[in-house]
């Protein structure tokens, strides 16, 4: 699992930063999932080593333009390129109406290539490998934060030990690999977990924007390996943040601290903190790190590989 930031500016693009877009690469599936799709996202994809044909799912947090104005261009390009698979899009109320209006007035035929899912708090998507959930955030319009959870994987099966115990090969090995207890023909009961190493702990990524500090963000981010959280304003501009229902750098850090996440990556920065101004992004980073040291700043095209957690080794001998 690897995160690539395609846009990290709030509201409008700058020369160095595009508006919101984050890709989650899933190499084991040859897929990428996109979180928000601001204007120019497909251009950012062209400048990265991602391909639009890899995108299978798009998760939209809310209906503000800097998070959705790139959708129709990307969808049109993917349709012309013939990706060969339907595109699943998840988002808040109004998303499908917006897309269908764009389709109608631009005379673009989406057809069955696009499947739009209205999200509600709770489960959004689940398969054998991943689960995606969402909770409402606190913004001026309906907004959701997303949590991607990779499911734990069984530990490595010790074939040599199984053979030493005289367990005959066959379908029974499949049950043992799943940690099940099986009964052999000679009456012996074998616990599959005794033949497997420690499970690989699934990784967790949380994406929270746009929002002012709220308890649901803390709940959503609990024990995440990576929390991507907006930090539109500096602490000095907290009054403006509360008025516009955006977060300061210190709010993002407080969410990370309370949720006990492993890594905080801040994004969605106001252009007012560009180099040369009274306050810069270096100041926002220092503010956050004073509360939560494991904080870094996102920039366009930054890639971050989510590390696996280390489990206690279990002897297989």
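Each residue, glycine too, has its Cβ placed from N, Cα and C.
Within 127, 194, 210, the residue that Swiss-Prot lists together with 66, 67, 268 for binding Zn(2+) 2 is 210. In this view, residue 62 (Zn(2+) 1 binding site) is surrounded by 23 other Cβ atoms within 10 Å of its Cβ, with every protein chain counted. For the Zn(2+) 2 site, the Cβ centre of 66, 67, 210, 268 serves as reference, and the other residues of the chain with Cβ at most 8 Å from it are 10, 11, 19, 20, 36, 38, 61, 62, 64, 209, 230. Sequence-distant neighbours of residue 66 (Zn(2+) 2 binding site) (same chain, 6+ apart, CB under 8 A from its CB) are 9, 10, 11, 12, 19, 20, 38, 39. The 10 Å shell around the Cβ of residue 268 (Zn(2+) 2 binding site) contains 29 further Cβ atoms across the protein chains shown. Taking Cβ-Cβ distances under 8 Å and a sequence gap of 6 or more within the same chain, the neighbours of residue 67 (Zn(2+) 2 binding site) are 19, 20, 36, 37, 38, 60, 61, 209, 210. When Cβ atoms from all protein chains are considered, those within 10 Å of residue 139 (Zn(2+) 1 binding site) total 21, not counting its own.
In the three-state DSSP scheme, residue 66 (Zn(2+) 2 binding site) is classed as helix.
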